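Copied from TrEMBL, the annotated features are:
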DOMAIN    1-345  domain 'Major facilitator superfamily (MFS) profile'
TRANSMEM  12-34  transmembrane segment
TRANSMEM  41-60  transmembrane segment
TRANSMEM  66-90  transmembrane segment
TRANSMEM  97-119  transmembrane segment
TRANSMEM  125-147  transmembrane segment
TRANSMEM  168-190  transmembrane segment
TRANSMEM  202-224  transmembrane segment
TRANSMEM  231-248  transmembrane segment
TRANSMEM  254-275  transmembrane segment
TRANSMEM  287-310  transmembrane segment
TRANSMEM  316-339  transmembrane segment
Amino acid sequence: VEYLGFDDQGAGYTASAEMFGLAATTVLMTFIAHRLNWRKVVLISVLVMFFANLASAFVSNLDTFIALRFIAGLGAGSLVSLSFAAIGLTSKPDRNFGLMITWVLVYGALVLWVMPLAYELTGMTAVLLFFALFPLSALPLIQYMPASGEDQLQSGEAGTSLAPQFKIMALAAMLAYFTAQGVVWAYLFLIGTAGSLSEQAVANGLMLSQFAGIGGALLAAVLADRFGRSIPLAAGILGGAACLYFIIGEFSFPVYATTVIVYNFLWNVTHPYLMAAMASFDARGRVVVYAVAMQMVGLAIGPGIAATVISGGTYVNVNILGAVLFTLSFVLVLPPVMAQLKLSR
């Protein structure tokens, strides 16, 4: 905001436009991904991100900048959707989703750490140029992308497609789980300050939780399917719901920090197993594409739903809503996971 000369409202519109673009293409992919050549879509997505970020570095008009961020989001959405789908088609999706999410979290942590210094030394233009060039690193790897899920039928676990009613339950579980995440994460900072902590203390706790998230995703990659999926999903989802009990009312910094560390750790253990489960429900990768759309929609609508239950400046209803949605997601995802386990035996 400061470096571009926009006000807080402009920053909000910009972030919203980019996220809307990302969500739009993830939803669009649910209808057309099976008809497209994935390599061509990824190539186009990378180029769209390159040109949108490049152009963003040289504009000063807010409306133009917002439009370019929306276009960049469009490119990112299809790239994210098909990347998840491709990993779902691999022989070890649990491990590979864990590794993918680990590297995403490491990248995010490094960017957040370096960004203030980069702004100070080079200004916003150089930062946007980096974001323009970085997607091009994917170009040499496109040849390893499957042309489509239709040509990559899996054998074994995902070779037998799950019944439609179980797929619908699984997608509803994804929507419930990520709506819960949207509900909780939008207010986790304010829950901390309302609990008598200083803003810096809350920020410190959330920063520590990011490192725990990396550890959670890495643990999922190491364990893979060694203990199946129902046990990690039960621990991750229900454990996340239980965490919310400890940050109601007033609490100390050690309680808040421990809670958000465990919460983020469990989230990032759960995420790879959820995506691997979605991959196992369909041999062509379509369910994963739908699941990514549910993820984006859930994260988008969660904060708005949470806003409707806040009462009297307290956030206990946010905690309750998050816990209920987490529990609902587990109730919905367990039957498909168990049904797929029976099919794979």
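Here the Cβ of each residue, glycine as well, is placed from N, Cα and C on the backbone.
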Near the transmembrane segment (125-147), which same-chain residues lie under 8 Å Cβ to Cβ, leaving out any that are not at least 6 residues past its ends?
37-39, 42-43, 46, 49-51, 53-54, 56-58, 75, 79, 82, 86, 89, 115, 118-119
Please indicate, using numbers and ranges, the residues of the same chain that are 6 or more beyond the transmembrane segment (231-248) and have a C-beta under 8 Å from a C-beta there.
177, 180, 184, 191-192, 195, 220, 223, 255-256, 258-260, 262-263, 266-267, 269-270, 273-274, 277, 316, 319-320, 322-323, 326-327, 329-330, 333-334, 337
Determine whether the transmembrane segment (254-275) and the transmembrane segment (41-60) share at least three Cβ pairs under 8 Å, counting only pairs 6 or more apart in sequence.
no
